[in-house]
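Undergrad: Here's a structure for you.
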Amino acid sequence: MNPQAIIDGLISGSTIGLGAIGLTLTYSILRFANFTHGDFLAWGAYLTLTVAGVLGGLAAGLGAPLTPFSFGWGLPLAVLGGVVLTVALALGLDRVLFGRLRARGADAIIIVMASFGASMALRSLLEFIFTAKPAYFTKALQIAKPLGLGMRATPDQLLVIGLTAVLVLMLHLLVTHSAIGRAMRAVSENPALAGVFGVDVDKVVRVTWIIGASMACLAGVMAGLLVQIRPYMGFDLLLPLFAAAILGGIGSIPGAMLGGLIIGLTEAFAVQIIGAEWRAAISFIILVLVLMLRPQGLFGRKGA
Amino acid sequence: MEILAYAAFFLTVALTYAIMCLGLNVQWGQTGLFNVGIAGFVGIGAYVSAALTTPDVAERIGGFGLPIAVGWLAAMAAGGLLALAVGLLTLRMRSDYLAITTFGIAVALQLVFQNAESLTGGAFGMAFIPRPFAGLQGQAFAFNVINLALTAAVVLVCYLLLEHLLRSPWGRALRAVREDETAAQALGKNPVLLRIQAFALGGVIMALAGAVQAHFIGFIAPGNYLPMMTFQVWAMLIVGGSGNNRGAILGAVLVWAIWALSGALISEVFPADQQARAASLQIVAIGVMLCVILLWRPQGILPEVRSVSRHLGRRNKDR
């Protein structure tokens, strides 16, 4: 077995884990399986690309690569803009669609259906605006540096893994140690009761979308930086995202991250055995196994 | 004559979607089961029937040259077994786990259609699927009309059977479980068993739709069974009116007409090199339409017919 699979798995697992955080939070707090979440990843990547294009037009120096990375100051700045726009997209969608259905007391499954329709519309809109042709943040080629034990990684890849670790730690502390984190946990336990006890449920909903959409945007940018940007990128990640969220246990941020890493690593190893064309089936198999053996997931409680 | 032949062709395709819609109506409309993997169930029906009925080919397993009717029956069995497996796995759990699992089924089957070349022909698909009344293929009009009659007959049989079932005690128990599971349970109904039965019946009908469509067109490829198909069938049922079998058929014909007309419009308006791009606008339009209907008229054009006494008061505001 080629040890390089460990690095490859950690890298794609970071993206899946970050994406699954938003999914697991909306799932536990808003109580529906959000099929548009994959499209937030893709929109995040394209919005960041657009902002980078605008910035690049304003200041040429922003494009010069920051050694050892393949991108210049333009990208980190653009990501900030991309995150803000992706959050606006998520909040806007909640306002016109999900929030209205919630207010009407619609069944969770009706909201899932609406998210399925919105997902198709969002993805095809990206395809219309940017065409199906892949896009790239940078054209620079990076040489993978040896890490020992026969593993290699580019500086960009190592940055992605490190940044993911920092983000997940910060989010975990936020949810476990802050007032808003307590409020989020209260709402995920019982929204009606939390409201009675003075928790601002609307604020919790907003924070949930803000965290979920920001992480989705970052995950989309990472996937775009390491592979490429395509309108279908989020849709193709949807099954791994769901599998990671369910494997980790709905509502758990460390669980989503760990689920993502497990799926990334399993994919990377399985690709060597059964071939890359079956990659997308891995998350399905993991999903089915989790549902059969431990439907509450690794960090979930029974009856969730 | 040409336009009539096209009309017959158009209606035949629309009616194959109507069969899928009827299958979805058993699952969603009557039972409230959210299946996001319709394309997978339709695809397995198409592939199973094609594998059994096509003539022998060197590069592929299968090709038994069996009669079309055998293919249809086998397709129904395959769709039913698949739905049974999914139902047994997920229907005890939260309702959206079914959505995620069926989505996964469709993705996984799509990979099988694409990559299991010795079974499915891979990306090139399967050709030479026998068409009903193939002897008439030379005369476009007669061929299309007789196939329309055959497909309409399948729709009619499904419709009558489902109407009968839904007015039976079984159908009433299904709706009881959908409306108030605890009450149904208290009356001695087994909700999980009823759901699994309804889900399997829906799977049987969807797979039949796939087989009928495959034999009418004569050629199948993995690209026919993308999530797009699932999405179209959903839009059809919601537009027509979920819970209403006539609504399911009406919605299928109507949405297919909108789809075909908007496609024709795009090929008129946009230059050739922009058409693939403009086609994605069609999908945006259907997606927005689905969301708008869910927001403003969730019951669709033909609302579900009340099958309980009207003295029982208003119910079911979301559907």
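Each residue, glycine too, has its Cβ placed from N, Cα and C.
Note that the structure is predicted; figures quoted are calculated from it, not measured.
Below, the features straight out of TrEMBL:
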- A:6-28: transmembrane segment (TRANSMEM)
- A:40-64: transmembrane segment (TRANSMEM)
- A:70-93: transmembrane segment (TRANSMEM)
- A:105-126: transmembrane segment (TRANSMEM)
- A:157-175: transmembrane segment (TRANSMEM)
- A:207-229: transmembrane segment (TRANSMEM)
- A:241-264: transmembrane segment (TRANSMEM)
- A:276-293: transmembrane segment (TRANSMEM)
Undergrad: Taking a Cβ cut-off under 8 Å, which residues six or more beyond the ends of the transmembrane segment (A:70-93) line up next to it in the same chain?
TA: 36, 40, 43-45, 47-49, 51-52, 55-56, 59, 61-64, 118, 137-138, 140-142, 154-156, 206, 209-210, 212-214, 216-218, 220-221, 225
Undergrad: When each of A:6-28, A:105-126, A:207-229, A:276-293 is checked against the transmembrane segment (A:241-264) for Cβ pairs under 8 Å, which one has the most?
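TA: If we count Cβ pairs closer than 8 Å to the transmembrane segment (A:241-264), A:6-28 scores highest.
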Undergrad: Counting only residues 6+ away from its ends, which parts of the chain sit with a Cβ under 8 Å from the transmembrane segment (A:207-229)?
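TA: Same-chain residues near the transmembrane segment (A:207-229) but 6 or more away: 11, 14-16, 18-19, 21-23, 25-26, 29-30, 37, 40-49, 70-71, 75, 79, 82-83, 86-87, 89-91, 94, 134-138, 156-157, 160, 163-164, 167, 171, 180, 184, 237.
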Undergrad: In the same chain, who gets a Cβ under 8 Å from the transmembrane segment (A:157-175) while lying at least 6 residues past its ends?
TA: 7, 10-11, 14-15, 17-18, 21, 69, 144, 181, 184-185, 211, 215, 218, 222, 225-226, 253-254, 257
